[in-house]
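Asks: Dropping the structure in here first, questions after.
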Amino acid sequence: MTNMRKSHPLIKIINHSFIDLPAPSNISAWWNFGSLLGVCLALQIITGLFLAMHYTADTTTAFSSVTHICRDVNYGWLIRYAHANGASMFFIFLYFHIGRGIYYGSYSFMETWNMGVILIITVMATAFMGYXLPWGQMSFWGATVITNLLSAIPYIGPTLVEWIWGXFSVDKATLTRFFAFHFILPFIITALVAIHLLFLHETGSNNPSGLNSNSDKIPFHPYYTIKDILGLLLMLLTLLSLTLFSPDLLGDPDNYTPANPLNTPPHIKPEWYFLFAYAILRSIPNKLGGVLALVFSILILTLFPALHTSKQRSMTFRPLSQCLLWLLVANLIILTWIGGQPVEPPFISIGQLASISYFCIILILMPTTSLMENKLLKW
């Protein structure tokens, strides 16, 4: 009698994806983040579903419905803060996952990589729309400022912004559609993740050496399931510590003030995970130029396969490229810090320098350093 795990049409797919999947024997903890992102997505969908049961997408009651969730619903405060901080964990893992891909040359799998870029854009859109839902000051003004950027598009811009708003300003119609999209997008993300995994399993995983590992594979279960559970426990420890001890650490105090179109907060800024892109946007004095730089700061990821000039896939044995990658990480941290600062000297010039170096490192320094390393190795 054949094993049901290997013969049942549905269970067979799960078996080939998570149990009998041949995996390289040397993949490190950096390969944990994919499964952690999956867990984060599931947590966000579950907590979000429970929040949606009590939330009302109306400008007059949205803020008070969030207050009601925190005060009157059983463990509502826990669900709300787990959802808000879960989003932060999601982005931390997302950035680690992308960093891993760049370091080990995983972008060579073109379909998987481009699917990942589509995923990050979708996740960013979802998080942005979720931020507008509590209808606090930063929700309202963040939504106003970011959607208003589309007015920089020549000819159709102003009409497009009014079409997105559903009126002449961010109002009830905007909040309702943001809620609708914020609810549906995680399910679309789940479908995109399935495609991302489908493409990955066509080629198999990369590994730290960057070499072909077909001659040395081990089953995913039990080796990597146990390894992933360790990562999962560490993630839950971090998330629960954040949620239970300092739930507002990563939030903005302005969002505890109900939205008021007549009172602008002194510093309008998005959530911390968008600050690097926000700093790039603000560093260019021209509106259209800023929007293009903002878009390109994310879409630049699609160029990585074309910019790879090294004869080696991974950065494991390329110390000069490693230095540049860590320089890029430091640069992104500086951009994140600048994005949260007011637009005044010296922050303006620091932001401009950090924005220029961000694009220079990726577009010029990394490819030329790779060529230099080829020369040093006489390749």
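Glycine residues also receive a Cβ, built from the backbone N, Cα and C atoms like all the rest.
Here Swiss-Prot flags H83, H182 as heme b b562 binding site, drawing on similarity to another entry. Residues annotated as heme b b566 binding site in Swiss-Prot: H97, H196. Feature annotation from Swiss-Prot assigns ubiquinone binding site to H201; the stated evidence is similarity to another entry. Summarising the annotation, Swiss-Prot assigns transmembrane segment to 33-53, 77-98, 113-133, 178-198, 226-246, 288-308, 320-340, 347-367.
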Asks: Would you mind listing, in sequence order, the residues at least six apart from the residue listed as 'ubiquinone binding site' in the same chain with a Cβ closer than 8 Å to its Cβ?
Replies: H16, S17, L21
Asks: How about the transmembrane segment (33-53) and the transmembrane segment (347-367): do they have 3 or more C-beta pairs under 8 A, pairs 6 or more apart in sequence?
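Replies: The answer is no, given that the two segments have fewer than 3 Cβ pairs within the 8 Å cut-off.
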Asks: In sequence order, which same-chain residues at least six apart have a C-beta under 8 angstroms from H97 (heme b b566 binding site)?
Replies: F33, G34, L37, G116
Asks: By Cβ distance under 8 Å, which residues at least 6 away from the ends of the transmembrane segment (113-133) in the same chain are close to it?
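Replies: Distant contacts of the transmembrane segment (113-133): 55, 57, 62, 66, 87, 90-91, 94, 97-98, 101, 106-107, 139-140, 142-143, 146, 170, 174-175, 178-179, 181-182, 185-186, 188-189, 192-193, 195-196, 199, 270-271, 273-274, 298-299, 301-302, 304-305.
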Asks: Please report the DSSP secondary structure of H182 (heme b b562 binding site), reduced to three states.
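Replies: The three-state answer is helix.
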Asks: Can you check what DSSP calls H83 (heme b b562 binding site), collapsed to helix, strand or coil?
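Replies: In three-state terms, H83 (heme b b562 binding site) counts as helix.
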Asks: How many other Cβ atoms sit within 10 Å of the Cβ of H83 (heme b b562 binding site)?
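Replies: Taking every protein chain into account, the count is 21.
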Asks: Report the same-chain neighbours of H182 (heme b b562 binding site): residues 6+ apart in sequence with Cβ closer than 8 Å to its Cβ, ordered by sequence.
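Replies: For H182 (heme b b562 binding site), the qualifying residues are G48, T126, M129, G130, L133.
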Asks: List, in sequence order, the same-chain residues at least six positions removed whose CB sits under 8 Å from that of H196 (heme b b566 binding site)?
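Replies: Sequence-distant Cβ neighbours: T112, M115, G116, L119.
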